[in-house]
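The block underneath contains the structure these notes are about, expressed in structure tokens.
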Amino acid sequence: MKLKNVFLAYFLVSIAGLLYALVQLGQPCDCLPPLRAAAEQLRQKDLRISQLQAELRRPPPAPAQPPEPEALPTIYVVTPTYARLVQKAELVRLSQTLSLVPRLHWLLVEDAESPTPLVSGLLAASGLLFTHLVVLTPKAQRLREGEPGWVHPRGVEQRNKALDWLRGRGGAVGGEKDPPPPGTQGVVYFADDDNTYSRELFEEMRWTRGVSVWPVGLVGGLRFEGPQVRDGRVVGFHTAWEPNRPFPVDMAGFAVALPLLLAKPNAQFDSTAPRGHLESSLLSHLVDPKDLEPRAANCTRVLVWHTRTEKPKMKQEEQLQRQGRGSDPAIEV
Amino acid sequence: MKSVLFTRFFILLPWILIVIIMLDVDTRKPAPPLTPRPYFSPYAVGRGGARLPLRRGGPAHGTQKRNQSRPQPQPEQQLPTIYAITPTYSRPVQKAELTRLANTFRQVAQLHWILVEDAAARSELVSRFLARAGLPSTHLHVPTPRRYKRPGLPRATEQRNAGLAWLRQRHQHQRAQPGVLFFADDDNTYSLELFQEMRTTRKVSVWPVGLVGGRRYERPLVENGKVVGWYTGWRADRPFAIDMAGFAVSLQVILSNPKAVFKRRGSQPGMQESDFLKQITTVEELEPKANNCTKVLVWHTRTEKVNLANEPKYRLDTVKIEV
């Protein structure tokens, strides 16, 4: 065979094949039906998801017999607070969350010599049922400028002051002055003003008989810290920091029934407790770890987060203060 | 002899290749569909939630109240809707921030929350969260291109623009109902009074913002009910020296300025708000709120970065718990 013929044949064959292939690509391939079916399936699934979401958003059917408000145990929320730049913002958003919870009594304890207008005004405008208390942290216990937060335990005197008020030892400077009458069904929760609380958390704790516990998010260097539950009982604790604490739970991770607190009139927080043992200093008076009541779906849901707010930078403000042109102190922030 | 074999081989070669290719094409899995899928476009809409009975700026139903006379609530239809555009992105405190923001927004009547994720697809966490949040909301998502994620570059631009686009799309065929739009970052703190103030916006309203710009607060300076200057710590020469949380725009203005968006090109850090407001209004037209800009009703709080030092490298727990 001559070489010219070889090349010619080669060339013609290639062209023919190429044309054939191009024609094939132009036609809709018969892989379309499975393609359409898959797209249709996806569409159906997405529709279903949207339907389910809409269903979830619909308010749940009202229970046949809504419990009378008087029958609901009251949640006493104890919040220590102190004056700093973000104080008003923190209290505003905490009060907004608390407003969503029925039968709630807010015990706000200021670390101050006397009640401040900022807090008094905020409480009055909040529309919540509240009691306003004040107690100054003794100088030895107070953090100095620049000291890290863990050097002294914070809020101890304030929380103990709230416990005193609940026990009928008085001290209220504003709001509801009378302590709960004996026999009141209620639960006490220590809520710091910079954490984040979901509504569901309060319903979980409301029916506590002794001490109930649940996981807390973003604390102890972990995504969450919480009790480990088997067969409805607490058998251990998922924690990485100082796991030998008798109660390795955060302040936001437990609630105490009011009758239990009143039955143990000497149970309070110990300001000399070592770092991280503050919660244990109270709980060891009240209950054994094995008797803790797990909540939040056997401690598998995170309903409270240990968020912390950044200290706002005030470089400009300090500059202006030095020049005598600081911001108007009459404008409350 | 050999050359004949060679020639035959080379003649047959293209045929063989073609046959192989056709067999391969026929057995290949189907390619992604060519038609655009409406459910996954950046403007996909989640159904607006059913309106739960909202309190009008007051405490929860059933809380004991003393000496509180509730004013007759206005019929909801007449209140201008407040649209809050919130860009959000995935990080450990995301759910916490959204929770407390939702707790605030639930108490505001006629508020529609537009949550825009910086993500390529709707995340499960946010979808589930919104389904239970209990307020009318829209769930969008648009990813920020990697090259814009450097420090010093403006953030959340694409997300805010997606929110604006959704609003414009939704109202393009309807007669515009009264409405107000504002940009709510997920770590700020908003008081309920702020929403009452902004609801009466006719064009663009402004107010002080606390804890921003290195100062206790930043605010517009007001004389005779008009904004004449800016009390701000940072670059007071900006045309609108205001934070994102310090202004609201009426829906009318947004719809009548369809090209007004947050820009990337040519924008300097800190000029986002100015560049946007320049396109839709002038300083003379601004409406001062919050008692002639002397009350702080919103705070530019920032949440500390979470310490996860003790988290094990690989998931050791037996259950998967969402935080």
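Placed from the backbone N, Cα and C atoms, the Cβ positions cover glycine too.
In TrEMBL, the UDP-alpha-D-glucuronate site is described by B:Pro87, B:Thr88, B:Tyr89, B:Arg155, B:Arg160, B:Asp185, B:Asp186, B:Asp187, B:His300, B:Thr301, B:Arg302, and among B:Asp118, B:Asp275 the residue recorded at this site is B:Asp118. Taking the C-alpha atom of B:Tyr89 (UDP-alpha-D-glucuronate binding site) as reference, the shortest distance to any of the recorded positions B:Glu218, B:Asn292, B:Asn310 belongs to B:Asn310.
The two recorded residues, B:Asp187 (UDP-alpha-D-glucuronate binding site) and B:Asn292 (N-linked glycosylation site), have Cα atoms 26 Å apart.
The recorded positions recorded for this entry are B:Pro87, B:Arg155, B:Glu218, B:Thr301, and the Cα of B:Glu218 lies nearest to that of B:Asn292 (N-linked glycosylation site). Across the structure, B:Asn310 (site 'Interaction with galactose moiety of substrate glycoprotein') and B:Asp185 (UDP-alpha-D-glucuronate binding site) place their CA atoms 29 angstrom apart.
Its Cβ placed at the centre, B:Glu218 (site 'Interaction with galactose moiety of substrate glycoprotein') has 27 other Cβ atoms within 10 Å. Contacting chain A by the Cβ rule (under 8 Å between Cβ atoms), the recorded positions B:Tyr89, B:Arg155, B:Asp185, B:Asn292 reduce to an empty set.
Summary: among the binding-site residues (B:Asp185, B:Asp187), the fewest other C-beta atoms within 10 A of the C-beta are counted at B:Asp187.
Residues B:Pro87, B:Thr88, B:Tyr89, B:Asp118, B:Arg155, B:Arg160, B:Asp185, B:Asp186, B:Asp187, B:His300, B:Thr301, B:Arg302 are the ones the record ties to UDP-alpha-D-glucuronate, and the longest Cα gap between any two of them is 21 Å.
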